[in-house]
Structure formats: C-alpha cells, structure tokens
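Lifted from TrEMBL, the feature list:
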type	residues	note
TRANSMEM	21-39	transmembrane segment
TRANSMEM	51-74	transmembrane segment
TRANSMEM	95-120	transmembrane segment
TRANSMEM	164-194	transmembrane segment
TRANSMEM	231-251	transmembrane segment
TRANSMEM	263-284	transmembrane segment
TRANSMEM	291-308	transmembrane segment
TRANSMEM	314-339	transmembrane segment
TRANSMEM	351-372	transmembrane segment
TRANSMEM	378-398	transmembrane segment
Amino acid sequence: MRYQVKLKRTFRSLSIRNYRLYFFAQIISTSGLWIQLVAENWLVVQLGGSGLMLGITTAIQFTPLLFLSVYGGVLVDRWNKHTLLMFTQISSSILALLLGILALTGSVQIWMIWIIAFLLGCVNALDTPGRQVFTRELVGPKHLTNAVALNNTISTSGRVIGPVIGAILISISEVGVCFLINAASYIAVIIALLKINKSQLQVESVVTRKHGQVKEGLIHIWNHPKLRTTLLIMFITATFGLNFQVLLPLFTSQTFQQSGEWYGLLMSSLGIGSVIGSLLIASWKDPTVKRVALLSTVFGITIVAVALSPTLPVAFITVGLMGVGSSLFLTACSGCLQLNAGDGMSGRVMAMYYVAFLGTAPIGGTAVGWIAEIWGPRSAFALSAIACMAASGFAFFGPNKYKTNMKKTETRA
C-alpha cells in the first residue's frame with residue numbers, strides 16, 4: 001500500500017489528460033531526435049568528413065541555441081506557447097524530411113547538412129525554452145516539479161534508446177531512413193497538441209512587444225535573488241561538473257587502459273542513473289534554492305566517488321550514482337527557476353537556464369580536458385567535484401539580502 005502511494009505520487013502529473021498526451025508523444029519524438037543525431041554524424045563520416053567536420057557539424061547545430069536562446073526566450077514570452085510548439089514541431093519535421101530525401105537520393109553534401117543543422121538549431125532556440133514553459137501551462141505550479149522530472153526521464157531514456165535504434169537502422173537499411181523516422185516522430189507531438197484541451201491550460205500572460213525586452217529579462221534575473229543565485233550555481237556546476245563526454249572516455253582509456261566497450265557500459269550506467277534520479281525527485285516537494293545548493297554538493301560528492309574508484313566494476317556503480325546526482329540537481333534547478341520566474345518572464349528565465357547548461361560546455365570541456373591531460377582524469381574529476389561543492393556557497397554565504405529572503409521562503413515552506 002505504501003509503495004502504491006509512492007508510485008502514484010511519482011507519476012501524479014500523468015493523471016492530467018493534457019500532460020499525459022504530451023508526455024507519451026514526447027517519448028516518441030525524443031527517441032526520433034537521437035536517432036537523427038546518430039545518423040547525422042554517421043552521414044558526415046560517410047561523406048568523407050573528418051573529426052573536425054564532425055565537430056563543426058555539432059557546433060553549427062548547437063551554436064544558435066547558445067546565442068539565440070535569449071532572444072528565443074523573449075519570443076516565447078510574447079507568443080502563445082501552444083501555437084509556438086506547433087510551429088517548431090512542423091518546422092523540425094520538414095527539416096528532417098528534407099535531409100532524409102537528400103540522403104536517400106544520394107544528392108546530399110556536407111554543406112547541405114550544415115545548413116539544415118543550423119536551421120534546426122535556430123528552431124531549437126525557440127523550442128527548448130518553449131517546451132519548458134508549456135509544461136507549466138499543462139500541469140500548473142502544483143505539479144510542475146513532478147512534470148519536469150518526468151520530462152527529464154524522457155530525455156535521458158531517449159538519449160539511451162535512440163542511439164541504439166539508430167545504430168541498428170543504419171546497419172540494416174539506408175542512413176536516410178533514420179531521418180524519415182525522425183520526421184514521422186514529430187507527427188506524434190503534433191497530434192497530441194491538436195488533441196490537447198486548450199480550455200484546461202493554465203496559460204501565462206502574453207507579453208506585448210516592446211523595445212529592450214532581452215535587457216529587461218536579464219535585469220529581472222539579477223534583481224531576483226532566487227533566480228540569480230540558482231543560475232550562478234547552475235553556471236559553475238555545469239561548467240565544471242557536466243563534462244561526462246570529455247572525462248569518461250579519458251577515464252576509460254587512460255586510467256584503466258580499456259577499450260570502447262567499457263566506455264559504452266559507463267555511459268549506459270550514467271544514463272540509467274539519470275533515469276533513476278529523475279524518478280526519485282518526481283516524488284519530492286517543490287525545490288527551494290537551498291535544496292538546489294545541497295544537491296550541487298551531493299552531485300560533487302558522487303563525482304569524488306568516481307575519482308576514487310579503484311576498478312572499472314566499481315566505476316560502473318559510481319558513474320551510475322553520478323548520473324543520479326546530476327539528474328537530481330538539474331531537475332531541481334529547472335523546477336526552482338520556473339516556480340520563481342514571475343509572470344511573463346518564464347521564457348527568458350528558462351532561456352538563460354539553457355545558456356548556462358549548454359553554453360558553458362566549450363569552456364568547461366576545454367578546461368577539464370586540459371587538467372586531465374596534465375594531471376590525469378582522476379584529478380580532473382576531483383577538481384570538478386570541488387567546483388560543484390563550492391558553487392553551493394552562493395546559497396549559504398551570499399549577500400545578506402538573499403539570505404534574509406531565503407529564510408523567509410524556507411519559513412513559509
């Protein structure tokens with residue numbers, strides 16, 4: 001009985017019909033997206049692309065998300081979120097379909113992939129913050145943290161399942177088929193959006209267009225202690241702690257002198273841990289800034305455990321725990337920001353979340369890679385852990401104005 005209550009609480013957002021439609025459609029769409037990402041890299045290699053070409057392809061696709069997300073956040077605040085997502089899903093489907101046709105007809109060239117990747121990145125600069133804000137409209141503040149956690153479960157599961165399906169499809173069929181499948185996967189979300197009962201949406205006020213709205217959003221974040229502190233913690237933790245793609249290959253090959261099979265196992269463990277973390281926090285209460293700071297410390301402790309792992313089987317377990325820690329932290333950050341964003345500011349606030357989340361990767365990845373090269377992967381993990389734990393200091397040793405505000409918030413909670 002106790003287990004059933006816990007299970008019901010973990011998946012409580014699925015009791016809302018609108019969210020349930022959107023949730024299951026996103027499972028299909030997210031898997032399709034990761035199928036496409038695997039196929040896209042493979043297609044670049046097939047066309048004679050080098051490691052540099054692969055790097056350029058990735059940079060072209062994610063650079064718009066870094067530089068345009070803030071402006072995308074303004075548009076999210078201005079536009080109806082339901083209409084916005086219809087636009088982004090249809091646009092993404094058309095781009096995937098175009099790439100699939102080019103690949104299957106044999107007329108595709110690398111520069112064409114780059115153009116489509118750039119356009120998809122521009123669409124994602126709208127879609128990414130838009131999806132986050134739309135989740136709030138689907139479930140309301142009461143179930144927001146739970147819905148964010150379940151969304152993270154979808155994202156992590158898609159990251160694990162999608163590449164596997166993509167690799168199988170590439171081996172048994174043409175690479176272009178992967179793009180067509182992704183194009184079709186967006187139809188699931190489009191149908192879900194059409195079936196959603198708009199009268200049950202808890203729609204935020206739409207902001208009218210005026211000059212200086214990007215600056216207005218940044219000033220709002222800086223003047224709001226909860227938002228400012230959460231984003232500062234996120235910035236530091238993301239910069240130094242979320243560099244798995246850099247450190248885990250080095251950890252496998254240099255520290256333990258093992259091949260790619262073990263690297264794949266460690267990445268699978270990370271993904272499984274992330275899913276577990278999302279399900280755990282789904283049953284928790286709404287996150288406070290203090291909880292975000294504590295989870296940053298917990299995440300840092302799991303990274304220390306990875307750094308101290310004596311063998312690869314032990315590392316398999318500790319990397320899974322690191323996945324749990326990262327998922328708990330990221331979900332708490334996202335939920336805390338959305339709950340405190342303020343009416344008409346959610347798009348801009350969540351855009352800054354993704355700038356901190358994704359935009360710090362080039363800086364942090366380069367830094368920890370350099371540290372790993374000089375002192376080894378264990379030292380790089382250890383220094384990353386120190387940075388994550390130090391980031392929590394913004395909540396406990398910040399300006400008096402913030403500490404007073406936080407105490408009042410905690411008292412009310």
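Any Cβ shown, glycine's included, is placed from N, Cα and C.
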Selection from 21-39, 51-74, 95-120, 314-339, the stretch that has most Cβ pairs under 8 A to the transmembrane segment (263-284): 314-339
Stretch-level contact, the transmembrane segment (378-398) and the transmembrane segment (95-120), CB cutoff 8 A, at least 3 pairs: no
Segment proximity, the transmembrane segment (51-74) to the transmembrane segment (231-251), 3 or more C-beta pairs under 8 Å: no
Closest-packing stretch to the transmembrane segment (291-308), where packing means Cβ pairs under 8 Å, from 21-39, 51-74, 95-120, 164-194, 314-339: 314-339
Long-range neighbours of the transmembrane segment (21-39), counting only residues six or more past its ends (CB under 8 A): 13-14, 89, 96, 99, 134-135, 138, 150-151, 154-155, 157-159, 161-163, 165-167, 169-170, 175, 178-179, 181-186, 188-189, 191-193, 195-196
Distant-in-sequence neighbours of the transmembrane segment (164-194), which means Cβ under 8 A and at least six residues beyond its ends: 21-22, 24-26, 28-29, 31-40, 42-43, 46, 82, 85-86, 89-90, 92-94, 96-97, 99-104
